[in-house]
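Comments concern the structure below.
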Amino acid sequence: MLRSTLSSWREYLTPVSHKSTFLSSGQITPDEFVQAGDYLCHMFPTWEWNKAGNDVLFRNFLPEDKQFLVMRKVPCNVRAKQFVNIDDSASEAFVQGINDEDGSIENGWMIGGGETDHLSKHSLSSGDVTPSGNNTKTMDETTPDIDDLMESMGIEDTDDIIDTPQNTDRRYYDLYITYSTSYKVPKMYIVGFNGSGSPLTPEEMFEDIAPDYRSKTATIEKLPFYKNTISSVSIHPCKHANVMRILLDKVLVVKRRRREEMSENHNEHKPNPESDEWEDLQNDVDDTIRADQYLIIFLKFITSVTPGIEHDYTMEGW
């Protein structure tokens, strides 16, 4: 509880910045968080913003009806420890890829080998998802292929999940995403219920956190955006920005390489100089992850922390 109290004070005391440093730091501003939340709700309508009710504690740097995102009653049929083990060498490759400059190992979104084996996880693939409305692009056209990037970073994503039991261990989770002022990134909270709708204890909720993360990134906390006391397990965001920054760099390299290959294959005619200048500018934009796509990628990594929670249970194409 001491860690939870310190975290709450840190959130309260940290000043809010509205200067965007997303491309250089991997952090986002409150305005970018709102944009990312709108994009998530548009792409996946099972996510929604909070209602501006009397039970909500408002923070003045966010709109009253956009304090946090929520998806309710998400199924969870198996405990985290029941997932199939995969090769620890994959996790080692990823850890080595996100070392601090001083040589220390970062622990956010980390897939560590350690004493416990790494777990397989659900995949939220970024392709083949079409938002509602006309004249829109698919996720595969608007976002980088995160599965390819994760593979290049040495992270394995398997579908070798054990068979789902016949609802004897069925649970449900309400998932919340809010903005962390101290880390300037999204922060996830989960609140669990058993099959009959009774709240889970914190100890029971920890059963659905991957063992490698229970002591590193998961904390028992009161939901900070409700006036009533509701116990939850939070996923600590201490290194999210660093991992996002690494992804940004990798996206830049991968997409530029692909563009160069396409240019070589289709070098039949050259555009005029004015077109060249505009194309270079457009390519620079296309070579990056946009800030409003942050939460799509964020949820991709959260599945490694909560492998049994079916984040994609109504989201065809994830």
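Glycine too: its Cβ is placed from the backbone N, Cα and C atoms.
Marked as active site, glycyl thioester intermediate by Swiss-Prot on the basis of similarity to another entry: C238. Using a 10 Å radius centred on the Cβ of C238 (active site, glycyl thioester intermediate) and all shown protein chains, the other Cβ atoms total 17.
According to Swiss-Prot, the feature compositional bias 'Polar residues' maps to 122-137.
Annotation comment: Swiss-Prot describes 260-273 as compositional bias 'Basic and acidic residues'.
The region 'Flexible region' feature in Swiss-Prot is assigned to 83-164. Mean pLDDT across the region 'Flexible region' (83-164) comes to 46 in this model.
Feature annotation from Swiss-Prot assigns region 'Disordered' to 122-142 (among others).
Feature annotation from Swiss-Prot assigns region 'Handle region' to 242-293; the stated evidence is similarity to another entry.
Annotation source Swiss-Prot lists region 'Disordered' at 260-279 (among others).
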Three states by DSSP: which one describes C238 (active site, glycyl thioester intermediate)? coil
